[in-house]
Amino acid sequence: MEGGNSPHVQLQQIPVATAAVSVQPHADSFSYKENLIGALLAIFGHLVISIALNLQKYSHIRLAGSKDPRAYFKTKTWWCGLFLLVLGELGVFSSYAFAPLSLIVPLSAVSVIGRYVLSFVGCGLAIVGTYLLITFGPNSHEKMTGENITRHLVSWPFLLYVLVEIIIFCLLLYFYKEKNANYIVIILLLVALLGSMTVVTVKAVAGMIVVSIRGNLQLNYPIFYIMLVCMIATAVFQATFLAQASQLYDSSQIASIGYILSTTVAITAGATFYLDFTGEDVLHICMFALGCLIAFLGVFLITRNRKKSVPFEPYISMDAMPGMQNMHDKGIAVQPDLKASFSYGALENNDNTPEIYTPATLPIVQEQHGSRGVSAPPYRVLEHSKKE
(Lines of atoms letter the chains of each structure in order from A and count residues from 1; the text may use other names and numbers.)
(Lines give C-alpha, C1' and ligand atoms only; values in the text may rest on other atoms or scores of the structure.)
Protein backbone atom coordinates (compact mmCIF):
# COMPACT_ATOMS: atom_id res chain seq x y z
CA MET A 1 0.00 0.00 0.00
CA GLU A 2 2.79 2.39 0.80
CA GLY A 3 4.46 1.68 -2.51
CA GLY A 4 1.21 2.40 -4.30
CA ASN A 5 0.52 5.60 -2.41
CA SER A 6 3.92 7.23 -2.86
CA PRO A 7 3.66 7.63 -6.65
CA HIS A 8 0.17 9.04 -6.17
CA VAL A 9 1.43 11.63 -3.69
CA GLN A 10 4.25 12.66 -6.01
CA LEU A 11 1.86 13.03 -8.93
CA GLN A 12 -0.31 15.30 -6.82
CA GLN A 13 2.67 17.54 -6.02
CA ILE A 14 3.71 18.15 -9.64
CA PRO A 15 0.65 20.15 -10.76
CA VAL A 16 0.85 22.31 -7.64
CA ALA A 17 4.49 23.19 -8.35
CA THR A 18 3.87 23.97 -12.01
CA ALA A 19 0.85 26.07 -11.11
CA ALA A 20 2.92 28.08 -8.66
CA VAL A 21 5.58 28.71 -11.27
CA SER A 22 3.11 29.78 -13.94
CA VAL A 23 1.76 32.64 -11.82
CA GLN A 24 4.96 34.72 -12.00
CA PRO A 25 5.14 35.12 -15.80
CA HIS A 26 1.49 36.19 -15.78
CA ALA A 27 2.27 38.87 -13.23
CA ASP A 28 5.31 40.01 -15.21
CA SER A 29 3.32 40.24 -18.42
CA PHE A 30 0.65 42.25 -16.65
CA SER A 31 3.22 44.69 -15.22
CA TYR A 32 4.86 45.11 -18.63
CA LYS A 33 1.42 45.77 -20.07
CA GLU A 34 0.90 48.55 -17.52
CA ASN A 35 4.33 49.94 -18.39
CA LEU A 36 3.37 50.00 -22.07
CA ILE A 37 0.04 51.71 -21.35
CA GLY A 38 1.74 54.36 -19.22
CA ALA A 39 4.49 54.94 -21.79
CA LEU A 40 1.99 55.28 -24.65
CA LEU A 41 -0.12 57.71 -22.63
CA ALA A 42 2.97 59.80 -21.82
CA ILE A 43 4.17 59.85 -25.43
CA PHE A 44 0.69 60.74 -26.67
CA GLY A 45 0.34 63.48 -24.07
CA HIS A 46 3.71 65.08 -24.85
CA LEU A 47 3.08 65.01 -28.60
CA VAL A 48 -0.35 66.64 -28.14
CA ILE A 49 1.18 69.27 -25.83
CA SER A 50 3.80 70.05 -28.48
CA ILE A 51 1.11 70.50 -31.13
CA ALA A 52 -0.95 72.67 -28.78
CA LEU A 53 1.95 74.99 -28.00
CA ASN A 54 2.71 75.39 -31.70
CA LEU A 55 -0.95 76.24 -32.41
CA GLN A 56 -1.01 78.89 -29.70
CA LYS A 57 2.29 80.31 -30.93
CA TYR A 58 0.90 80.44 -34.47
CA SER A 59 -2.16 82.32 -33.17
CA HIS A 60 0.02 84.95 -31.47
CA ILE A 61 2.25 85.38 -34.53
CA ARG A 62 -0.69 85.71 -36.90
CA LEU A 63 -2.33 88.38 -34.74
CA ALA A 64 0.95 90.27 -34.37
CA GLY A 65 1.51 90.34 -38.15
CA SER A 66 -2.00 91.48 -39.04
CA LYS A 67 -4.26 94.40 -38.28
CA ASP A 68 -6.76 92.22 -36.44
CA PRO A 69 -7.76 94.09 -33.26
CA ARG A 70 -9.01 90.96 -31.53
CA ALA A 71 -7.27 89.56 -28.45
CA TYR A 72 -5.56 86.19 -28.73
CA PHE A 73 -8.12 84.46 -26.49
CA LYS A 74 -10.89 85.36 -28.93
CA THR A 75 -9.45 83.31 -31.79
CA LYS A 76 -10.45 79.74 -32.58
CA THR A 77 -6.84 78.68 -33.10
CA TRP A 78 -5.83 79.66 -29.58
CA TRP A 79 -8.81 77.85 -28.03
CA CYS A 80 -8.06 74.76 -30.11
CA GLY A 81 -4.50 74.84 -28.79
CA LEU A 82 -5.78 75.22 -25.23
CA PHE A 83 -8.08 72.21 -25.65
CA LEU A 84 -5.22 70.09 -26.96
CA LEU A 85 -2.99 71.34 -24.15
CA VAL A 86 -5.49 70.19 -21.51
CA LEU A 87 -5.92 66.86 -23.33
CA GLY A 88 -2.17 66.30 -23.41
CA GLU A 89 -1.76 67.18 -19.74
CA LEU A 90 -4.52 64.71 -18.85
CA GLY A 91 -2.69 62.02 -20.82
CA VAL A 92 0.59 62.69 -19.00
CA PHE A 93 -1.25 62.87 -15.66
CA SER A 94 -2.91 59.49 -16.29
CA SER A 95 0.37 57.85 -17.32
CA TYR A 96 1.77 58.22 -13.79
CA ALA A 97 -0.98 55.93 -12.49
CA PHE A 98 0.13 53.01 -14.69
CA ALA A 99 3.94 53.13 -15.02
CA PRO A 100 6.78 53.92 -12.58
CA LEU A 101 7.80 57.54 -12.21
CA SER A 102 11.35 56.86 -13.40
CA LEU A 103 9.96 55.58 -16.71
CA ILE A 104 7.48 58.41 -17.38
CA VAL A 105 9.69 61.42 -16.63
CA PRO A 106 12.39 60.87 -19.33
CA LEU A 107 9.70 60.47 -22.01
CA SER A 108 9.25 64.24 -22.08
CA ALA A 109 12.01 64.18 -24.70
CA VAL A 110 9.22 63.41 -27.18
CA SER A 111 7.87 66.96 -26.79
CA VAL A 112 11.31 68.38 -27.61
CA ILE A 113 11.43 66.23 -30.76
CA GLY A 114 8.07 67.62 -31.81
CA ARG A 115 9.14 71.23 -31.31
CA TYR A 116 12.65 71.24 -32.78
CA VAL A 117 12.86 68.89 -35.76
CA LEU A 118 16.09 70.45 -37.00
CA SER A 119 18.63 67.72 -36.34
CA PHE A 120 18.17 64.24 -37.76
CA VAL A 121 21.00 62.89 -35.61
CA GLY A 122 19.50 64.39 -32.46
CA CYS A 123 16.04 63.05 -33.28
CA GLY A 124 17.46 59.61 -33.96
CA LEU A 125 19.35 59.54 -30.67
CA ALA A 126 16.29 60.73 -28.76
CA ILE A 127 14.16 57.98 -30.34
CA VAL A 128 16.78 55.32 -29.54
CA GLY A 129 17.02 56.58 -25.97
CA THR A 130 13.23 56.49 -25.62
CA TYR A 131 13.16 52.89 -26.87
CA LEU A 132 15.79 51.85 -24.32
CA LEU A 133 13.90 53.64 -21.55
CA ILE A 134 10.68 51.81 -22.34
CA THR A 135 12.39 48.43 -22.80
CA PHE A 136 14.63 48.49 -19.74
CA GLY A 137 12.58 50.78 -17.50
CA PRO A 138 11.78 49.81 -13.90
CA ASN A 139 9.04 47.23 -13.52
CA SER A 140 7.94 47.94 -9.94
CA HIS A 141 4.19 48.32 -9.45
CA GLU A 142 2.44 49.12 -6.22
CA LYS A 143 -1.10 50.11 -5.40
CA MET A 144 -1.25 53.79 -4.61
CA THR A 145 -3.25 53.44 -1.42
CA GLY A 146 -3.19 55.89 1.45
CA GLU A 147 -1.31 53.45 3.69
CA ASN A 148 1.43 52.82 1.14
CA ILE A 149 1.96 56.50 0.36
CA THR A 150 2.10 57.39 4.06
CA ARG A 151 4.61 54.60 4.65
CA HIS A 152 6.83 55.90 1.84
CA LEU A 153 6.48 59.48 3.06
CA VAL A 154 7.86 58.78 6.55
CA SER A 155 10.60 56.38 5.42
CA TRP A 156 14.09 57.45 6.40
CA PRO A 157 15.58 57.41 2.84
CA PHE A 158 12.97 59.87 1.62
CA LEU A 159 13.24 62.06 4.73
CA LEU A 160 17.02 62.23 4.22
CA TYR A 161 16.49 63.06 0.55
CA VAL A 162 14.03 65.85 1.40
CA LEU A 163 16.47 67.31 3.95
CA VAL A 164 19.30 67.41 1.39
CA GLU A 165 16.98 68.88 -1.24
CA ILE A 166 15.76 71.64 1.11
CA ILE A 167 19.35 72.62 1.96
CA ILE A 168 20.37 72.76 -1.71
CA PHE A 169 17.23 74.68 -2.62
CA CYS A 170 17.80 77.30 0.10
CA LEU A 171 21.44 77.78 -0.95
CA LEU A 172 20.51 78.20 -4.61
CA LEU A 173 17.70 80.59 -3.72
CA TYR A 174 20.08 82.66 -1.58
CA PHE A 175 22.61 83.03 -4.41
CA TYR A 176 19.83 83.76 -6.90
CA LYS A 177 18.04 86.41 -4.85
CA GLU A 178 20.76 87.97 -2.70
CA LYS A 179 23.86 87.61 -4.88
CA ASN A 180 22.04 88.16 -8.21
CA ALA A 181 23.48 84.92 -9.62
CA ASN A 182 21.17 84.76 -12.62
CA TYR A 183 22.89 81.77 -14.19
CA ILE A 184 20.72 79.43 -16.20
CA VAL A 185 21.96 76.38 -14.28
CA ILE A 186 20.95 77.89 -10.94
CA ILE A 187 17.46 78.86 -12.13
CA LEU A 188 16.81 75.52 -13.80
CA LEU A 189 18.13 73.63 -10.77
CA LEU A 190 15.50 75.44 -8.70
CA VAL A 191 12.92 74.36 -11.28
CA ALA A 192 14.21 70.77 -11.21
CA LEU A 193 14.09 70.52 -7.41
CA LEU A 194 10.53 71.79 -7.36
CA GLY A 195 9.65 69.55 -10.31
CA SER A 196 10.87 66.44 -8.49
CA MET A 197 8.33 67.08 -5.74
CA THR A 198 5.69 67.82 -8.36
CA VAL A 199 6.06 64.47 -10.12
CA VAL A 200 6.13 62.56 -6.81
CA THR A 201 2.86 64.16 -5.72
CA VAL A 202 1.32 63.81 -9.21
CA LYS A 203 1.92 60.06 -9.19
CA ALA A 204 0.42 59.79 -5.70
CA VAL A 205 -2.69 61.81 -6.58
CA ALA A 206 -3.22 60.09 -9.94
CA GLY A 207 -2.68 56.64 -8.44
CA MET A 208 -5.13 57.23 -5.59
CA ILE A 209 -7.75 58.50 -8.04
CA VAL A 210 -7.37 55.40 -10.24
CA VAL A 211 -7.59 53.10 -7.19
CA SER A 212 -10.73 54.95 -6.08
CA ILE A 213 -12.30 54.55 -9.54
CA ARG A 214 -11.63 50.81 -9.37
CA GLY A 215 -13.73 50.54 -6.22
CA ASN A 216 -11.33 51.09 -3.30
CA LEU A 217 -12.02 54.65 -2.18
CA GLN A 218 -8.87 56.57 -1.23
CA LEU A 219 -10.16 60.14 -1.19
CA ASN A 220 -11.01 59.96 2.52
CA TYR A 221 -7.32 59.80 3.47
CA PRO A 222 -5.73 63.12 4.56
CA ILE A 223 -2.55 62.22 2.66
CA PHE A 224 -4.46 62.66 -0.62
CA TYR A 225 -5.19 66.33 0.08
CA ILE A 226 -1.68 66.93 1.42
CA MET A 227 -0.25 65.60 -1.83
CA LEU A 228 -2.77 67.64 -3.85
CA VAL A 229 -1.78 70.91 -2.13
CA CYS A 230 1.94 70.14 -2.55
CA MET A 231 1.39 69.35 -6.22
CA ILE A 232 -0.36 72.67 -6.91
CA ALA A 233 2.11 74.75 -4.85
CA THR A 234 5.26 73.27 -6.40
CA ALA A 235 3.79 73.54 -9.90
CA VAL A 236 3.01 77.25 -9.42
CA PHE A 237 6.49 78.10 -8.11
CA GLN A 238 8.04 75.98 -10.83
CA ALA A 239 6.16 77.96 -13.49
CA THR A 240 7.32 81.21 -11.84
CA PHE A 241 11.00 80.31 -12.08
CA LEU A 242 10.53 79.06 -15.64
CA ALA A 243 8.99 82.40 -16.62
CA GLN A 244 11.97 84.22 -15.12
CA ALA A 245 14.37 81.98 -17.01
CA SER A 246 12.53 82.55 -20.29
CA GLN A 247 13.04 86.31 -19.90
CA LEU A 248 16.82 85.91 -19.59
CA TYR A 249 17.74 83.00 -21.85
CA ASP A 250 16.78 81.42 -25.15
CA SER A 251 14.06 78.77 -25.17
CA SER A 252 16.37 76.19 -26.77
CA GLN A 253 18.82 76.44 -23.86
CA ILE A 254 15.98 76.15 -21.36
CA ALA A 255 14.59 73.10 -23.18
CA SER A 256 17.87 71.16 -23.26
CA ILE A 257 19.35 72.06 -19.87
CA GLY A 258 15.97 71.95 -18.16
CA TYR A 259 15.22 68.50 -19.55
CA ILE A 260 18.54 67.07 -18.39
CA LEU A 261 18.39 68.54 -14.89
CA SER A 262 14.69 67.89 -14.30
CA THR A 263 14.87 64.29 -15.52
CA THR A 264 17.92 63.48 -13.38
CA VAL A 265 16.46 64.96 -10.20
CA ALA A 266 13.01 63.45 -10.81
CA ILE A 267 14.41 59.93 -11.36
CA THR A 268 16.38 60.28 -8.13
CA ALA A 269 13.24 61.36 -6.26
CA GLY A 270 11.19 58.52 -7.73
CA ALA A 271 13.84 55.94 -6.90
CA THR A 272 13.97 57.25 -3.31
CA PHE A 273 10.23 57.63 -2.66
CA TYR A 274 8.65 54.81 -4.67
CA LEU A 275 11.72 52.50 -4.70
CA ASP A 276 11.39 52.09 -8.49
CA PHE A 277 14.60 50.11 -8.93
CA THR A 278 14.10 47.67 -6.08
CA GLY A 279 14.56 44.12 -7.36
CA GLU A 280 15.97 45.20 -10.74
CA ASP A 281 19.16 43.54 -11.93
CA VAL A 282 22.32 45.44 -12.80
CA LEU A 283 21.89 44.96 -16.55
CA HIS A 284 18.47 46.61 -16.64
CA ILE A 285 19.68 49.52 -14.51
CA CYS A 286 22.74 50.06 -16.73
CA MET A 287 20.67 49.90 -19.93
CA PHE A 288 18.17 52.34 -18.45
CA ALA A 289 20.99 54.74 -17.56
CA LEU A 290 22.38 54.36 -21.08
CA GLY A 291 18.95 55.20 -22.51
CA CYS A 292 18.85 58.35 -20.38
CA LEU A 293 22.30 59.43 -21.56
CA ILE A 294 21.41 58.84 -25.22
CA ALA A 295 18.16 60.78 -24.81
CA PHE A 296 20.08 63.62 -23.11
CA LEU A 297 22.54 63.76 -26.00
CA GLY A 298 19.74 63.71 -28.57
CA VAL A 299 17.86 66.57 -26.93
CA PHE A 300 21.08 68.57 -26.64
CA LEU A 301 21.85 68.12 -30.34
CA ILE A 302 18.29 69.00 -31.36
CA THR A 303 18.27 72.28 -29.45
CA ARG A 304 21.93 72.99 -30.25
CA ASN A 305 21.27 73.07 -34.01
CA ARG A 306 18.28 75.34 -33.71
CA LYS A 307 18.68 78.60 -35.60
CA LYS A 308 18.84 81.57 -33.28
CA SER A 309 16.77 84.58 -34.20
CA VAL A 310 18.81 87.72 -34.92
CA PRO A 311 17.24 90.81 -33.37
CA PHE A 312 16.45 93.66 -35.77
CA GLU A 313 18.78 96.66 -35.52
CA PRO A 314 17.20 99.87 -36.85
CA TYR A 315 20.55 101.57 -37.48
CA ILE A 316 23.76 101.11 -39.44
CA SER A 317 26.84 100.37 -37.40
CA MET A 318 29.72 102.80 -37.83
CA ASP A 319 32.06 99.83 -38.32
CA ALA A 320 30.08 98.67 -41.34
CA MET A 321 30.77 101.91 -43.30
CA PRO A 322 33.96 101.61 -45.38
CA GLY A 323 36.61 104.19 -44.58
CA MET A 324 34.84 105.51 -41.45
CA GLN A 325 36.99 105.74 -38.38
CA ASN A 326 35.93 103.62 -35.43
CA MET A 327 35.26 106.03 -32.60
CA HIS A 328 33.88 103.47 -30.15
CA ASP A 329 37.27 101.95 -29.43
CA LYS A 330 38.73 105.36 -28.53
CA GLY A 331 36.01 106.16 -26.02
CA ILE A 332 34.83 109.25 -27.95
CA ALA A 333 31.16 110.02 -27.50
CA VAL A 334 29.10 110.06 -30.67
CA GLN A 335 26.50 112.80 -30.27
CA PRO A 336 24.69 115.13 -32.69
CA ASP A 337 26.34 118.50 -33.21
CA LEU A 338 23.77 120.96 -31.86
CA LYS A 339 26.11 124.00 -31.59
CA ALA A 340 25.48 125.18 -35.13
CA SER A 341 22.58 124.87 -37.48
CA PHE A 342 20.39 121.79 -37.70
CA SER A 343 22.27 118.68 -38.86
CA TYR A 344 21.56 115.01 -39.21
CA GLY A 345 23.98 112.42 -37.86
CA ALA A 346 26.70 114.99 -37.19
CA LEU A 347 29.80 113.96 -35.27
CA GLU A 348 32.05 116.07 -33.11
CA ASN A 349 34.19 118.31 -35.33
CA ASN A 350 37.65 116.95 -35.89
CA ASP A 351 40.26 118.66 -38.03
CA ASN A 352 41.97 115.34 -38.78
CA THR A 353 38.83 113.99 -40.42
CA PRO A 354 38.89 114.32 -44.22
CA GLU A 355 36.62 116.88 -45.77
CA ILE A 356 34.62 114.21 -47.55
CA TYR A 357 33.30 112.92 -44.24
CA THR A 358 32.18 116.32 -42.98
CA PRO A 359 28.43 116.16 -42.30
CA ALA A 360 26.13 118.14 -44.51
CA THR A 361 24.08 120.72 -42.64
CA LEU A 362 20.57 121.66 -43.60
CA PRO A 363 20.15 125.41 -43.10
CA ILE A 364 16.62 126.70 -42.83
CA VAL A 365 15.69 128.88 -45.81
CA GLN A 366 12.45 130.78 -45.94
CA GLU A 367 11.02 131.13 -49.43
CA GLN A 368 8.22 133.22 -50.78
CA HIS A 369 4.95 131.58 -51.51
CA GLY A 370 4.18 131.15 -55.17
CA SER A 371 1.17 132.43 -56.96
CA ARG A 372 -2.30 130.89 -56.91
CA GLY A 373 -1.92 129.98 -53.24
CA VAL A 374 0.53 127.12 -53.88
CA SER A 375 3.08 126.92 -51.05
CA ALA A 376 6.67 125.93 -51.74
CA PRO A 377 8.64 123.54 -49.54
CA PRO A 378 9.78 125.28 -46.34
CA TYR A 379 13.29 123.79 -46.57
CA ARG A 380 15.94 123.60 -49.23
CA VAL A 381 19.24 121.76 -49.21
CA LEU A 382 22.14 124.06 -50.14
CA GLU A 383 25.53 122.86 -51.27
CA HIS A 384 28.34 124.37 -49.24
CA SER A 385 31.95 123.75 -48.42
CA LYS A 386 33.78 123.46 -45.15
CA LYS A 387 34.81 127.14 -45.33
CA GLU A 388 31.20 128.17 -45.04
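Glycine is treated like the rest: Cβ placed from N, Cα and C.
Copied over from TrEMBL, here are the features:
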REGION    368-388  region 'Disordered'
TRANSMEM  36-56  transmembrane segment
TRANSMEM  77-96  transmembrane segment
TRANSMEM  116-137  transmembrane segment
TRANSMEM  158-176  transmembrane segment
TRANSMEM  182-211  transmembrane segment
TRANSMEM  223-242  transmembrane segment
TRANSMEM  254-275  transmembrane segment
TRANSMEM  282-302  transmembrane segment
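Through the fold, the transmembrane segment (116-137) approaches residues 35-36, 39, 43, 99-100, 102-103, 106-107, 109-110, 252, 255, 283-284, 287-288, 290-307 of its own chain, all at least 6 residues removed from its boundaries and within a Cβ separation under 8 Å.
Within the same chain, the transmembrane segment (182-211) stays apart from the transmembrane segment (36-56): fewer than three Cβ pairs sit under 8 Å, each pair at least 6 residues apart. Tertiary neighbourhood of the transmembrane segment (36-56): same-chain residues 72, 77-78, 80-85, 87-100, 103-104, 107-108, 110-111, 114-115, 130, 134, 137, selected by CB-CB distance under 8 Å and a gap of 6+ residues from either end.
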